[in-house]
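Student: Sharing the feature lines straight out of TrEMBL:
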type	residues	note
SIGNAL	1-22	signal peptide
REPEAT	84-117	repeat 'WD'
REPEAT	127-168	repeat 'WD'
DOMAIN	170-241	domain 'FYVE-type'
REPEAT	251-284	repeat 'WD'
Amino acid sequence: AHQSRVIVILFVLEMEWVLSTGQDKHFTWHCSESGQRLGGYRTSASACGLQFDVETRHVFVGDHSGQVTILKLEQESCSLVTTFKGHTGGVTALCWDPIQRVLFSGSSDHSIIMWDIGGRKGTAIELQGHNDKVQSLSYAHHTRQLISCGADGGIVVWNMDVERQETPEWLDSDSCQKCDQPFFWNFKQMWDSKKIGLRQHHCRKCGKAVCGKCSSKRSSIPLMGFEFEVRVCDSCHESITDEERAPTATFHDSKHNIVHVHFDATRGWLLTSGTDKVIKLWDMTPVVS
């Protein structure tokens, strides 16, 4: 199937297909009955994420460039549907919810993005809850909870049954959009106002370009995916209520660097394997229920 190391394998029982990706930057699929190669597609980088939707025959491939490619598979051919990119690091894990038609992607940039494929509105929700790269994702359909595991040893259980908000795009400006102080590259305004240029920051809630003085506060914004405290401008900090700061995820320490996870929804058990060559079995019923 591949000229280099195989990275991900997926068996689709309904189609009798074996899907695979490798370090040779190829996605291929074979017939599991005959072993015949049915087709392939060359990705922009080696892929570590692979998911398949049986109903539409769409395959999702996430690669080390941070890109997710959607392909439509036929019996012996495939066509490119679209590609999208929202991570600053490589995609390390994918998880598909065929009921809500939502794709989750984990990345080495420590973040998770929820892509609303079925809504067809281009909505992408960012989740920030790890201090190291996200290694594996699993989704509990019956409770609408996402389980993410990372190289930081953390197991995070996200409640996806809440109305989440998209993080705003960062705005560009040559001066602080709150106090109008020039940033350090704005030589003209510095000369005219006789003021020293300041460093640019961004408010995570409104996306405005602000100086350090106007964004001295920190706050968690769980509904925007920020479970940890992040920089916000002073006016946004005052507008965030205690209810909006209520966490939407629970955090658990696995005490090992997790590389793979499998969730058994019928028993509520989670299996994790780590770089320490240890396999652990967790009873998740207290938090996934």
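Using N, Cα and C of the backbone, Cβ positions are placed for all residues, glycine too.
Just so it is clear, the model here is predicted, and its values are computed rather than measured.
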Student: With helix taken as DSSP H, G or I, strand as E or B and everything else coil, how many residues of the repeat 'WD' (251-284) land in each class?
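Tutor: Helix, strand and coil residues of the repeat 'WD' (251-284) number 0 helix, 21 strand, 13 coil.
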Student: Mind checking which residues of the chain, 6+ beyond the ends of the signal peptide (1-22), have their Cβ under 8 Å from one of its Cβ atoms?
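Tutor: For the signal peptide (1-22), the list is 28-33, 37-38, 43, 46-52, 54, 57, 59, 61, 73.
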